[in-house]
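Here the structure is laid out as structure tokens; the discussion comes afterwards.
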Amino acid sequence: MIPVLICAVISLSVASTDLDVLYPELEHSRTIYVTENGPRLSVVAEQTKVVSRRGGNATLPCKIQRDQSLAPNRKMRIKWTKLTSDYLKEVDVFVAMDYHKRSYGSFHGRVHLQGSSPMDASLVITEITLEDYGRYKCEVIDGLEDGTVVVSLDLEGVIFPYFPRLGRYNLNFYDADRACRDQDAIVASFDQLYDAWRGGMDWCNAGWLSDGSVQYPITTPREPCGGKNTVPGIRNYGLRDKDKNHYDVFCFTSHYKGRFYYLIHPSKLTYDEAVRACQKDGAQIAKVGQMFAAWKLLGYDRCDAGWLADGSVRYPIFNPRRRCSPTEAAVRFSGFPDKKHKLYGVYCFKGHN
């Protein structure tokens with residue numbers, strides 16, 4: 001904070017002076033200068049964004065800068081909170097004061113202070129989950145002095161549009177949240193959608209984002225998608241009614257611990273047979289998010305259409321070629337066929353602890 005110089009002109013009536021006797025109509029003025037010192041405690045982060053992955057660890061930086069004139073205070077309080085995507089509230093993560101330390105909710109047992117020095121309030125998060133993505137606030141309170149800084153935790157991952165067997169535009173916000181979680185993902189944020197758009201994502205169906213807005217990314221403007229004469233960008237429907245409005249959803253997932261694979265089987269399978277075949281192999285039928293993660297993050301490539309857990313049939317092409325997504329790398333979608341059709345293979349997932 002820049003020191004503030006305050007100039008106040010104060011009218012004074014001074015009695016019993018020679019000036020008063022000689023000049024009774026004279027109003028005396030005195031100028032008083034008051035200097036306010038800058039803050040004696042501040043909080044800084046050498047980087048405001050940290051990138052990690054699901055299952056990994058991350059350290060969110062937070063360093064305390066404390067004026068030496070302040071007396072030592074064993075009751076200095078360090079508090080970390082997580083900001084919700086709409087910034088309407090804060091979720092408690094970790095609090096420390098002297099020897100008393102406490103972690104909260106889903107962070108319990110997974111967070112601690114780095115503590116490389118008495119002035120280090122950096123937070124270490126272990127076994128990162130998809131839900132850990134977001135912005136965190138470090139707040140330090142030392143008597144009457146306090147300081148805050150915000151640090152973002154980003155995750156390596158992939159965003160994908162999703163709709164269920166019911167068809168397009170059938171999900172309110174809460175249905176959308178469940179749909180993403182069912183596919184080993186979470187509802188994507190605007191920042192994640194924006195990064196995907198900058199990477200070339202083009203999708204003409206509007207979907208929910210984590211802040212309750214509905215948007216969609218367009219790289220090639222065209223008539224059915226906002227107009228041919230518009231500029232590329234993210235089309236925004238704004239905040240919508242989370243209960244009454246229905247759209248698709250953009251989901252986000254990250255690295256996983258396990259093995260995603262196409263099950264070699266002597267014959268094509270119905271959906272129920274596909275589920276049992278994966279179980280017989282010591283695995284589970286794979287989810288949509290696991291296929292997207294394997295494709296985008298591991299370069300998984302297979303030109304065989306296979307069942308997934310939601311009853312859809314898809315196949316991942318990382319290297320475009322004739323008869324297998326010749327124009328672009330993509331997860332190809334064959335729809336939601338009748339589950340009794342014996343026309344497809346199956347993708348399985350075997351988790352690792």
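If you go along the chain as it appears here, the first residue is 1 and each next one adds 1.
Placement of Cβ uses the backbone N, Cα and C atoms for every residue, glycine included.
Curation does not apply to TrEMBL; its annotations are automatic.
Look at TrEMBL and you will find 1-16 tagged as signal peptide.
TrEMBL lists 39-156 with the feature domain 'Ig-like'.
For 158-253 (among others), the entry in TrEMBL reads domain 'Link'.
The feature disulfide bond is assigned by TrEMBL to C204-C225 (among others). For C204 (disulfide bond), other Cβ atoms within 10 Å of its Cβ number 14.
According to TrEMBL, the feature domain 'Link' maps to 258-350 (among others). Confidence across the domain 'Link' (258-350), taken as the mean pLDDT and rounded to a whole number, stands at 96.
Taking Cβ-Cβ distances under 8 Å and a sequence separation of 6 or more, the neighbours of C324 (disulfide bond) in its chain are C303, I317. Here TrEMBL flags C303-C324 (among others) as disulfide bond.
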For C225 (disulfide bond): intrachain residues, at least 6 apart, with Cβ closer than 8 Å: C204, Y216, I218, R235
Just to be sure I understand, if DSSP states are collapsed into helix, strand and coil, how many residues of the domain 'Link' (258-350) fall in each? 21 helix, 28 strand, 44 coil
Across the domain 'Ig-like' (39-156), DSSP labelling yields 6 helix, 61 strand, 51 coil
